[in-house]
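Taking it in order: structure first as structure tokens, then the write-up.
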Amino acid sequence: MPEAKKPETVQGGQSELTGLFVERPESTTVIKGKNVTFVAKVDSSDLLRKPNMKWLKGKWLDLGSKAGKHVQFKEAYDRNSKVYTYEMSIIKVVEGDAGGYRCEVTSKDKCDSCTFEVTVEAVQEEQPANILDSFKRSGDAGEDAGDLDFSALLKKREKKARDEPKEEVDVWEILKDAKPCDYEKIAFDYGITDLRGLLKRLKKMKKVEPKKSDAFLKKLEQCYSVDKGKRTQMHVELHDPNVQVKWLKNGVEIKPSAKYVFECVGNKRTLTINKCNLSDDAAYECVVGEEKSFTEVFVKEPPVTITKLLDDVHVVVGEKVEFECEVSEEGANVKWMKDGVELTKDGKYRIKKDGKKHTLVINEATIEDIGMYYVYTNGGESKGELEVEAKELEVLQSIADLSVKACEQAMFKCEVSDEKVVGKWFKDGVEVKPGNRIKMSHIGRIHKLTIDDVKPQDEGNYTFVPEGYALSLSAKLNFIEIKIEYVPRQDPPKIHLDTSSTGSKNTIVVVAGNKLRLDVEITGEPAPTVCWMKGDTVISEAEGRVRVETRTTLSSFVIEGAERPDEGQYSIIVTNPAGEDRAELTVKIVDVPNPPENVRCMGVGEDTATITWDPPKFDGGAPIKGYLMERKKQGSSRWTKLNFEVFESTTYEAKKMIEGVFYEMRVFAVNGIGISQPSGNSKPFMPIAPTSEPTRLTVEDVTDSTCALKWRPPERVGAGGVDGYIIEWCKEGEDNWVGANKEPVDKNTYRVKGLPTGEKLLFRVVAMNIAGRSPPCIMKQSVIIREIMEYPKIRLPRQLRTKFIRKVGEKINLVIPFQGKPRPVVNWLKDGEPLENKSVGIRTSDFDTILFIRSAERDHSGTYTLSVQIDNMQDKADIHIQIVDKPGPPINVMVTDVWGFNAALEWKPPKDTGNTDITGYTIQKADKKTQGWFTVYEHNRRPSCTASDLVMGNEYSFRVFSENICGLSDEVAFSKNTAIIGKTDLEYNKPAFKEKDMSSSPKFTAPLVDRVVVAGYSTAISCAVRAYPKAKIVWMKNKMIIGEDPKFLMQNNQGVLTLNIRKPGQFDGGKYSCKAINDLGEDEVECRLEVRGTGTHTQCHAFTHRHAQTHTHTHTHTATPIILSMRQTFIGSQ
């Protein structure tokens, strides 16, 4: 049996590990009919709770609902390694099992998933020559269990080489057409020995016409699938278009609301669920009378993807680093990792969340931070590389050559950018040591080497080397001897600079990225010293991007790959003993401009849109010549050019677009150097035209200062829809329209307030959308603003016109609408007195009043009077409320007569009838031997009855229950005397009877069975005991006696012991035991109950509900479906 192994690499659509999976299932190829098992292991060492595992086929089909003989699941946990092992086995693979599978593991805010493939190959094997070898039964319980499986008989088989080929015979086709008297002969001819299995198989093959529903023409689909946030609809069709239906969710009736919308069109009933979320993933029912139609709704939650990937970052040591990404949903959880280690918030790292934007911040970058950084979601990943460079040391002042006479002082001085840098001094490559004449100092950024009383041996090359940097500063010390020599002729230095070709005087224009080389010829005798400066900074580098190259009569200033910071004022200074010369020049860097900013749509038409933008902040050093525009449809990656000639304005009208389609725009800036990068995309906009005018504008209500209007939507809406409506009014005969609302209203009704009393006004309504205002819908006739008197009237609902009956403890909520203008005064009375009971709440609005009682009591019964009054006009309505309860027991139950095998009983009605009429009585009998109660009559209306068919020689006692519309009384009345059924017309002298000793110690005939249940679903465990005298039963959990805990219900029915556990939780798991004790001894049995979490709550609930419905129709006397299931298990074990 192949098992899944951990793959070395992630391929295809399989998501990479996020730290949860230790081992993942692997794709495999299986031969049809064989078994296959897939294994997944999950590390729970970092999890706060047990992970939830789901196995899915295809995209959304949850295999947990298909568990059974064909698909089986297994789960194990290793406490030492804290690893959960999950197994999925497919028994006897068929062709339909081929395809893609996925397993998902989730635990609070962490999740992981992986995919694998199953390929099914056809079986290629020889069939046995003997047909009996192919005959088998399904199942693993033995040779006599399961159904007959004749599939092997229908396959082709090869005969021996010497046998002549025969046509393949379908035995079942022969048996279907044969007479029952010929079954035995055909079975003998084809080697079938199990006639009982043959008849069972034939019975199953008969076509059974599906039972037609009396209520439904078309039932609900088996299941519905919907994306999270979307809408779904469920439809049924009924035989009777006037019948009422109920919609249930997980067994609870659904009330109409904005989320759940009921529709009724003819015989079609529709349930619409708006904005589905995970709580809507449940089982639903449509109930018509006694018939039901079931379905399930699966809500799919899309995976979180990364919409903006990480970018690589290049920084210098000490700088701040920010990795930023965007995901598809706000509030999504992401994981940051480096070198396989998850990054968390500490002093070094900070993780920020802002809506869909997630940022990883490193405050001060170091060399150790170099590496690849990853961000993971449950639907994708991204990575970015961080490069950190060492900080360059900048030389602020270099050491200079010195010429010193004998006995003078020589001092070399340099200045660097970092105060903490230390260094060493060398002479001709040998380190200089401090002494009496030689002193070294380091003050701040300045390093000095001082030599006193210079001697000829001090002459040489001196070098300063900073520690930790590949940098050295050198200068020469020349020792001057005093000699009288011939002094040659000296010429002052001269700079020969020619910039006439650049246009402006001494201005050099360079395109960004190009190389600048300026060669300056220099003359003078002796050879002058050259110094280049940018502002006040000396440029002394002989190598690098910006450098100075010096020869005898030529000095060259070089910039490799000119950048914008290189722009500025430069100067060259040449000196010799005869004088000095200086020249100034300006370097100007030009580049393509920055992209335009703030691209936005200012207005739209039916197929046009007006786009405007702001010029770029930097024009690249050259004037902006114009702009190029591109557009694309939202979601597409293909951009379309709108102009090939440069467009000079910053406002453009795009044409020939499709109405109702979202577009995005971007703009390029153009100067003499080239085209800029594209601007940011504009917000999506839709070319649309305004709607047509609203229709049917009418007045709904008028007061002294307000007017309520209503209207219908426009007949032509268009692709842009309607964003809202603007209402305006003006006085009749004028044209000064005043806006009634600043913001558009969504609804088709509006009450205009602050109107002048007594004026004649006209109203109009305008529909608004992104295209602007529609034509107005103007009211044809003016409206006089004056209150209209309306008589008060109570609209009493039909169910309140008769006596309103409710049981004790039920909730009462009565909504009674009324009308009247101005607003009537509402008053409530009970039995003619003011309503002062604090447990009865009253709420009143402008159009209705509500009476509500959270928990009804019997003293709430009475006549409630509602009155609405305007001045001297009044309307009243009486509501009769009756709160009923279960009755008390009958009184004085007596056996009045006994004759033959009959007994006559009489009693008196109960004192407490439960505030309603007694509908009948239930009478039960019990003989003195067994003490078992059996029902004689149900719903007996008279306070008397005759019990017949009594057994001769027995003595009977009786008990009676009262019954009303609430049910049977909680207490029972027992008969004060008994009925003895004597023997008639015979005299028999009874010999002395020695009663047989039936005493026995307790012994359990059926033990407790270990169970695994789902948390939140009531369950029961059962066993059976035999003992005489009757044993005392003690239930224990973990060796602790279970007391009068309302969570547990203990029952003993004829020796069958049941412990019902109501909605068990995780803490209810453990070892349960039952002990039976009497005077002769005791016996004990025990079992283990395991309570699992609600990982597949919806499927388990749907299965339990359907299981309950099946057993409820089959066994009408069973208390609950789960207890029935346990009873059947117990009977089967016996």
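Here the Cβ of each residue, glycine as well, is placed from N, Cα and C on the backbone.
Copied from TrEMBL, the annotated features are:
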type	residues	note
DOMAIN	7-119	domain 'Ig-like'
DOMAIN	223-288	domain 'Ig-like'
DOMAIN	302-387	domain 'Ig-like'
DOMAIN	493-586	domain 'Ig-like'
DOMAIN	595-691	domain 'Fibronectin type-III'
DOMAIN	693-788	domain 'Fibronectin type-III'
DOMAIN	792-880	domain 'Ig-like'
DOMAIN	889-984	domain 'Fibronectin type-III'
DOMAIN	1002-1090	domain 'Ig-like'
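As a whole-number mean, the pLDDT of the domain 'Ig-like' (1002-1090) in this prediction is 92.
Two recorded stretches are said to be in contact when at least 3 C-beta pairs lie under 8 angstroms, sequence spacing 6 or more; the domain 'Ig-like' (7-119) and the domain 'Ig-like' (302-387) meet this definition. For the domain 'Fibronectin type-III' (889-984), residue counts in helix, strand and coil come to 0 helix, 51 strand, 45 coil, using DSSP. For the domain 'Ig-like' (7-119), the DSSP-based tally of helix, strand and coil residues reads 7 helix, 59 strand, 47 coil. Secondary structure counts, DSSP: the domain 'Ig-like' (1002-1090) has 3 helix, 58 strand, 28 coil. Per-class residue totals from DSSP over the domain 'Ig-like' (302-387), listed helix then strand then coil: 3 helix, 47 strand, 36 coil. Across the domain 'Ig-like' (223-288), DSSP helix (H, G, I), strand (E, B) and coil residues number 3 helix, 36 strand, 27 coil.
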